[in-house]
Structure formats: structure tokens, C-alpha cells
Amino acid sequence: MCRHHAKHFTCHSSFHLQKKPARKCCSLHSSVLGNLEQTIVPTFGNLESQHNFRTPETAEFNGKSDALYFNDGQRRIDFVLVYEDERRKETNKKGSNVKQRRKRQAYESNLICDGLKLEATRSVVDDKLVFVKVHAPWEVLCTYAEIMHIKLPLKPNDLKTRSSAFGNFNWFTKFFQVDENIIKPEQEFFTAPFEKNRMNDFYIQDRDTFFNPATRSRIVYFILSRVSYEVKDNVKKFGINRLVNSGIYKAAFPLHDCHFSWPSQDVSCPNERYLLYREWAHPRSFYKKQPLDLIRKYYGEKIGIYFAWLGYYTKMLLLAAVVGVACFLYGYINQDNCTWSKEVCDPRIGGEIIMCPQCDKGCPFWRLNITCESSKKLCIFDSFGTLVFAVFMGIWVTLFLEFWKRRQAELEYEWDTVELQQEEQPRPEYEARCTHVVINEITQEEERIPFTAFGKCIRMTVCASAVLFWVLLIIASVIGIIVYRLSVFIVFYAKLPKASNTTDPIQKYLTPQTATTITASIISFIIIVILNMMYEKVAIMITNFELPRTQTDYENSLTMKMFLFQFVNYYSSCFYIAFFKGKFVGYPGDPVYWLGKYRNEECDPGGCLFELTTQLTIIMGGKSIWNNILEVVFPWVMNICRLYFTASSTEKKTPRWEQDYHLQLMGKLGLFYEYLEMIIQFGFVTLFVASFPLAPLLALVNNILEIRVDAWKMTTQYRRMVPEKAQDIGAWQPIMQGIAILAVVTNAMIIAFTSDMIPRLVYYWSFSVPPYGNHTDYTMKGYINNTLSIFNTSDFTERSRENLDSDLGDHTTCRYRDFRYPPGHPQQYKHNIYYWHVIAAKLAFIIVMEHLIYSVKFFISYAIPDVSKSTKSKIKREKYLTQKLLHENHLKDMTKSFGVIAERMGEVIDNNLRPKVE
């Protein structure tokens with residue numbers, strides 16, 4: 001069955017010796033699969049061919065629970081496959097069991113033919129389970145390291161590292177550092193893509209350690225994902241993922257190196273999982289810096305860069321949180337000096353102002369001073385500090401993104417991912433669909449693609465339509481929430497108190513506006529969670545149908561779809577409150593109706609800013625609590641249940657592979673959801689921060705816990721993920737840049753249109769003194785009376801006249817929040833001069849603030865290079881030394897070869913001349 005095995009290795013080696021372009025990788029992989037197809041039984045009906053399969057070695061568990069090797073103690077376990085023995089199943093159909101067994105046997109036979117070593121061991125706890133341990137020999141590792149362009153060490157890096165700018169504070173920063181005696185710093189090397197014909201150039205001191213466990217697992221997974229197991233009707237089926245999804249295998253995963261709570265008994269084990277738990281994931285280490293090099297070494301660059309980004313984001317939030325708390329304290333200390341709030345609470349002013357009903361049925365007249373408590377709270381958030389903080393956050397987000405680019409460039413150099421995009425291989429699902437032959441415009445050679453240009457357009461159209469449908473579904477849910485607000489507001493007005501002199505704390509603070517806001521926010525959050533759960537599956541189906549070429553393309557495409565949905569889902573209610581609620585309500589004599597039935601809801605007399613703050617608090621707090629429940633409680637409970645059932649059946653010592661099998665599966669998109677959670681939070685922190693200066697503080701506290709929670713669940717609750725390479729954070733970077741640009745606009749508009757800062761400034765500088773005002777000095781006295789227009793109750797529509805009778809007595813006039821002329825004026829109920837002054841001031845403020853912040857942002861972006869000068873020098877220096885080293889070694893080999901040739905030629909000449917001399 002393995003007669004093509006030698007040919008298979010020769011194909012790979014010759015490919016790299018000839019230095020063909022990377023575009024040939026797809027055709028090479030097709031040839032690999034083509035070779036493997038010849039070892040496959042094309043139909044599973046012929047049982048006579050079963051003896052042709054090559055089967056794994058069988059071995060019993062040797063009692064060593066920490067063993068990471070086959071029973072011979074020499075071959076390291078690089079991957080584990082788990083299946084349930086069909087011969088011991090009782091419920092499944094016999095024909096189905098035979099077919100599944102034949103597919104698995106063909107797959108394992110092809111793995112053996114591909115050079116991998118397999119050893120099967122039956123479970124200690126459940127004898128139906130069989131664990132197939134996979135080992136990649138040296139020759140296989142070298143062959144596929146060359147195919148995958150894996151960078152490996154050439155020689156130790158002798159470049160000097162630049163000293164830290166905080167070198168004088170080592171006595172302080174040492175407290176936050178990981179103890180180097182426990183986690184030793186990784187040795188740095190000059191690296192180059194591995195080539196078998198230059199093996200002597202690489203730093204190979206020990207073949208067993210040259211490929212670290214993470215690299216070995218990545219190579220084996222690459223093979224597992226591309227080996228076929230069936231060819232039916234000229235369609236090949238391959239890959240471990242499809243076998244796991246179809247139930248032929250129960251699981252496939254690399255091993256953790258030890259238990260997280262105690263080190264391994266094997267002296268050769270590095271105990272990296274134990275060290276990560278002790279110095280990184282344990283709650284007592286929450287204040288320490290993350291051991292990023294060890295995280296990268298154990299889990300791969302993809303997870304390493306996520307934690308590097310999350311740690312850097314959290315560190316930058318510290319500055320934003322300090323400034324935000326300072327602005328909050330400024331508003332809190334000065335709330336007693338808030339003149340307009342005092343007027344609202346004053347019984348002689350706010351207590352005498354009768355406000356018009358806010359709905360047509362069941363809403364009475366009400367006194368302004370019932371909003372006293374909310375107006376006091378609003379003074380905390382709607383202050384001058386809010387303006388300062390909004391400008392600061394516009395600059396902060398730019399600094400964060402620019403400095404992160406520099407940090408990311410440093411990690412690219414340190415982790416050898418500078419040229420990763422040139423190395424990335426196509427996804428096996430993409431390769432399997434490469435059936436159309438086209439001519440490459442650059443190489444003028446034939447290559448295969450999965451679909452034509454017309455087919456690609458059809459797929460893109462279908463995907464875009466599906467995404468648009470779900471976005472419209474979210475908008476429909478937002479409209480439903482608005483209708484709920486309008487309808488339930490009437491009920492709360494009939495049930496909740498209308499007076500502020502009550503002693504009941506609930507009746508004192510729970511106004512109809514507050515009750516409507518809180519219940520609508522909770523319902524909105526529940527709808528968000530439900531739609532998220534539904535759309536996640538739809539987005540994955542759409543992206544699979546789109547068929548991106550590489551894993552990076554796949555994740556970027558899924559990222560954009562998911563974020564667009566999440567953006568509308570999470571932020572739509574906040575945008576409604578900030579920019580639409582209370583803006584199009586008309587006036588009591590001519591109100592605006594939704595759907596011809598529901599009267600558009602109005603803001604509290606203090607404005608919608610406090611309501612936006614409440615919405616943000618509930619969504620951010622609820623989202624954090626819900627995510628922590630899902631991330632911590634769910635996997636912990638599931639693992640406890642599995643341990644309970646396994647412990648009740650046996651108390652035998654179990655091997656490492658069986659312990660890991662009973663952990664939870666992280667999944668290929670597990671890290672994607674972690675990013676999504678943080679980017680949604682980033683949006684809340686930046687887009688609406690003008691209404692809630694404490695948002696960065698809440699995000700900081702959440703992220704400090706998030707880092708350790710993510711670390712804890714990865715090291716203790718989940719199987720080890722397949723290590724993957726990653727150059728950067730992918731599509732999340734442009735998404736954050738887009739949010740940063742949008743945040744300037746939203747915060748400027750929140751200050752201009754949602755808060756009352758601009759109307760107050762206009763009153764203070766223009767309408768408190770002549771010719772419009774009666775005060776001799778600039779003051780805020782009389783602001784409330786000036787911003788509330790007068791309405792004659794006789795001008796109510798027939799639809800609203802039933803509200804005229806109330807327990808406040810008969811009234812000929814009432815007040816409402818707007819800037820309109822009073823009844824009896826030649827232009828009664830038209831917008832007055834104050835309104836146009838305010839509109840002009842708001843537009844001028846938005847233009848000035850946007851241009852000011854954008855100018856500062858662009859200057860900062862220009863002044864701070866994406867890659868620091870020292871990092872550029874290191875990259876150039878390493879390239880130079882690497883090329884020099886390879887060239888020198890090549891010259892040495894050539895000199896040595898020429899020396900041998902010259903010596904042999906001399907011998908030939910001597911032999912030819914000797915007889916003549918004699």
C-alpha cells in the first residue's frame with residue numbers, strides 16, 4: 001500500500017531545491033493528495049480488501065500517567081486521535097459501524113504511508129474508547145517544515161537588546177515581573193525558512209529538541225488536515241476535521257505537557273503548563289506581567305499575540321481610567337454648584353412649574369421637581385469635565401493604536417512572523433475545491449482555483465444579502481424596543497408616583513422615565529444575547545460558503561461579518577437614545593406619532609444623557625457578567641460533571657491523553673470570540689464615553705479579570721489548542737481604526753445634541769444678559785424657565801383633551817421642553833431666536849471639535865512611525881547576518897567540494913603521467 005512513499009518525499013524535496021514560487025504550493029499539495037489517493041480503497045463495500053490496510057501498533061497503558069511518549073519511551077506523542085470502537089457499540093446500526101471503521105482504517109493507513117507512526121491504546125476508564133497516538137519522525141518533520149516554510153534557528157542571536165527606558169525604576173518594576181529563576185528567558189536565534197539541502201546550516205544540537213512540541217504539533221496537524229480517507233465518484237474526502245464532525249473520531253488534539261497543579265514526575269518534561277498556571281493563570285499573579293514568550297512557545301503566536309494585545313490595551317486603559325475618574329470626581333464635587341439643578345429641585349421654581357403630559361392617554365400633568373434626583377445625577381456627567389474627557393479620549397485612542405503598531409512590529413521581529421503572509425498555506429477546504437484551471441497572469445502557468453469570476457460574484461452576492469437580512473432583523477428588533485418604550489411609558493405613568501415629597505426611597509427615585517429606561521435596557525440586552533447566538537452559526541455558514549483561500553482570509557472575512565452584526569446589535573439602542581430619542585417629538589399641540597398610533601417619546605427635562613449613561617451601564621455590566629458566566633462557570637461545571645462520572649466508574653490511574661480528552665474543546669473560533677468581546681467593549685469605551693466617564697474604569701477592572709480568566713480556562717479547563725502562526729491581530733486592527741474615527745463624531749454629537757452643555761453656554765453668554773436677558777452679569781439663573789416653552793391647554797388636540805383633568809387642578813397653560821414662541825405671539829409655537837442660536841452653536845462646536853481632534857490624530861499618526869527605528873535596524877541586521885551566514889556556509893561547501901574535485905583530478909593526472917615518466 002505504501003509503494004509511493006519514497007516518491008512522496010522526493011516530490012517535496014525537489015520542489016524546494018528548485019526554488020519555485022510559493023504559488024506552486026497548491027499544486028504540490030494536490031500532488032501529495034494524489035499520491036495518497038492511490039492507497040485508498042475507493043469503495044467500502046469490498047471487505048476482501050481490508051487486509052491491505054496498514055494498522056497502528058497496539059500497546060497497553062504502562063501506568064505512567066505523565067508519559068508523553070509511546071510505550072518505548074523514545075517516540076514523542078505529537079497528536080492524539082480518539083474514537084469509539086464500533087465493535088463495542090450497541091445502539092448504532094451494524095452497516096454504519098462497518099462503514100465508519102473502514103473510513104478510519106483507510107485514513108490511519110494513509111497516515112502511516114505518509115511516514116507518521118501510530119500507537120493505539122484502549123481507554124482505562126471506558127473500554128469502548130481507543131486513543132491513537134501520533135508521532136512524526138525526523139524525516140517527516142524536516143520534509144513538512146520545508147513545505148510549510150517554517151523558520152528555524154541558524155545560530156544564537158548576538159545582537160544587544162536595548163535597555164528599558166524605565167531602567168532607573170527596576171526596584172519598582174521588578175515587583176511586577178515574572179521571576180526569571182522560575183520562567184527562564186528564551187534564548188534568541190537568527191532564523192531562516194528550513195531547507196533540507198541546507199540542514200548543516202541550522203543550529204541542530206539535538207534532533208529531539210530542534211523542533212519544539214508546538215512546532216511538531218503544527219506540522220502533524222498540517223498532515224492530518226490533508227490526508228484523504230475516501231474517494232467516491234471522483235470526489236475526495238479528507239481531513240481530520242471532517243472525520244471529527246462526522247463522528248468517526250471523537251476528538252483530535254495535541255497533549256498538555258503535565259498537570260496544571262503539579263509538575264510532572266518525568267525529569268525531561270519542561271512543565272510549561274504548570275509554570276503558566278503558577279505564574280500567569282493563578283489569581284495571586286493578577287498583578288504580574290504576562291510571560292508572553294512562554295505563552296507563545298506553548299500555545300503558538302496566534303494566542304500569544306492576543307494576550308499581548310489584551311495586556312497592552314489594559315495597560316493603556318489605566319491612563320484613560322485615571323482621567324475618567326478625575327472628570328467624574330470633578331462633576332461629583334461641583335454638583336452642589338449646579339444652578340439649573342437647584343432650580344429644578346426648588347419648590348418655588350421647579351415645584352411651581354406644571355409640565356404638559358407626555359402621552360395622549362393616562363398621562364397627567366406633572367410638576368418639574370419630581371425629576372430632582374435625576375437632575376442631580378445628571379450634573380455629575382453633564383459637566384465641563386465631560387467635554388475635556390471626550391477630547392482626551394479622541395487623542396488617547398490614537399496614541400493607543402499607534403503605540404500598539406510599534407509593539408506589534410517588535411513582536412513580529414521577536415517571534416519571526418515578519419514574512420508570515422508569504423509562508424501561509426491554503427486551507428485544505430479551499431484546495432479540495434480547486435477544480436477550475438486558469439492561467440496565472442504572472443507566471444503564465446496553469447493553476448487551479450475553486451470557482452470562476454462569475455461564481456465568485458454569485459457567492460459574494462449571496463453572502464452580502466444574508467448579512468443585510470440579519471442587520472435589518474436587528475433594526476426591526478430596535479423598532480420593537482422603541483414601541484415597547486412608548487407603550488409601557490403610559491402604564492408606568494399610571495402606576496408610579498408623580499410627587500417628589502414621598503419618603504419611600506423606591507418611589508422617590510423610580511420615576512416613569514427611569515422605569516421605562518431600565519426595563520427597556522434589560523429587554524434590549526436579552527434580545528442582543530439571543531440574536532448573537534443565532535447569528536454566530538449563520539455567519540460561519542456564510543463564510544464557509546464564501547470559501548476564503550487561507551485561514552487568515554477566513555478569519556478576516558468572518559470577523560467583518562460578525563462585527564458588522566454585533567455593531568448594529570449592541571450599539572443600535574445607544575445610537576437611538578443619543579441621537580433620535582426626543583429629537584423629533586413636535587410640541588403638545590402637534591405631536592409626532594410612530595406608526596400613526598404611538599406618540600414619540602420625549603427626553604427627561606434634564607435631557608437624554610443620563611438615560612444613555614444608564615443604558616451603557618446595564619449593557620456593559622450585563623455583558624461582562626454574562627460572558628464571565630459562560631467563560632468560567634460553564635466549562636468548569638462541564639468538567640466537574642465529566643470527572644464525577646469517570647471517577648464514579650473507576651479509581652485507576654489515567655494517562656495524560658485520557659485526562660486531556662475529558663477537558664473542554666476550545667474550538668478554532670474560540671479566540672475569535674475573545675477578540676470580539678474586547679472590541680465590542682472598546683467600542684463602548686470610545687464611542688459613547690462622553691456620556692459615561694467611568695467606562696474606561698469598568699473596562700480596566702473587567703480586563704484585569706479577563707486576562708486571568710482566559711489564562712485560567714486555557715491552562716486548566718480546555719484541551720491544548722493546535723499552535724498557529726499569526727503576524728498581527730488581523731482585521732481587528734482596521735476595525736479599531738474605524739471605531740476611533742467614528743468615536744470623534746459620536747462624542748462631538750453627544751455633547752452637542754444629547755447633553756445640555758451647548759444650550760447652557762448659549763444662555764450664559766448670550767441670553768442671560770441684555771438684549772435677550774434681564775441679568776446684569778453672566779449667570780445661569782433663570783436657565784430652566786428660559787428653556788421651557790409655554791403651551792395653552794386649549795390648543796390640545798381632541799386626542800389629548802382627556803388629560804386636562806388631573807389632581808393638580810385646572811390649568812390654562814403648561815410647559816414643555818423646547819425653544820418656541822409662546823401662545824399669542826405672531827409666530828406662536830414656531831422656533832424662536834434662542835433655538836437658532838443653539839443650532840448654530842451646536843454645528844460650530846461639532847465642526848471645531850472634529851477638526852481639532854482629527855488634526856491632532858493625524859499629526860500623532862504621522863509623528864509616530866509604525867515600526868520603531870531600533871526594530872527596523874534589528875530586522876535589517878538579522879537579514880544581513882542570515883544571508884551572510886548562509887552565503888558563507890554555501891561558499892565553504894563549494895570550496896570543500898572544489899577541493900575534493902581538485903584532489904581527485906590531481907590523482908587522475910598523477911596516475912596518467914606516472915607511466916610516461918617511468
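Note that Cβ sites are derived from N, Cα and C of the backbone, with glycine treated the same way.
From a predicted model like this one, the values you see are computed outputs, not experimental measurements.
According to TrEMBL, the feature domain 'Anoctamin dimerisation' maps to 69-292. The feature domain 'Anoctamin transmembrane' is assigned by TrEMBL to 295-878. According to TrEMBL, the feature transmembrane segment maps to 306-333, 384-404, 467-494, 514-535, 679-705, 729-753, 833-854.
In terms of C-beta pairs under 8 Å, the stretch of 306-333, 514-535, 679-705, 833-854 lying closest in packing to the transmembrane segment (384-404) is 306-333. In the predicted model, the domain 'Anoctamin dimerisation' (69-292) has a mean pLDDT of 86. Within the same chain, residues 305-306, 309, 386-387, 390, 393-394, 397-398, 401, 405, 408, 552, 555-556, 559-560, 563, 578-579, 583, 609, 612, 675, 679, 682-683, 686-691, 842-843, 845-846, 849-850, 853-854, 857 sit at least 6 positions outside the transmembrane segment (729-753) and bring their C-beta atoms closer than 8 Å to a C-beta of that stretch. Remote same-chain residues near the transmembrane segment (467-494) are listed as 358-359, 361-364, 512-513, 515-516, 519-520, 523-524, 527, 531, 535, 538-539, 542, 561, 564-565, 568-569, 572-573, 576, 594-595, 598-601 (criterion: CB distance under 8 Å, separation of at least six residues from the stretch ends). Non-local neighbours of the transmembrane segment (679-705) in the same chain are 286, 310, 313-314, 317-318, 320-321, 323-325, 327-328, 331, 381, 385-387, 389-390, 393, 397, 563, 566-567, 570-571, 574, 578, 609, 612-613, 616-617, 619-621, 623-624, 628, 732, 735-736, 739-740, 742-743, 746-747, 750-751, 754-755; each lies 6+ residues outside the stretch with a CB under 8 Å from one of its CB atoms.
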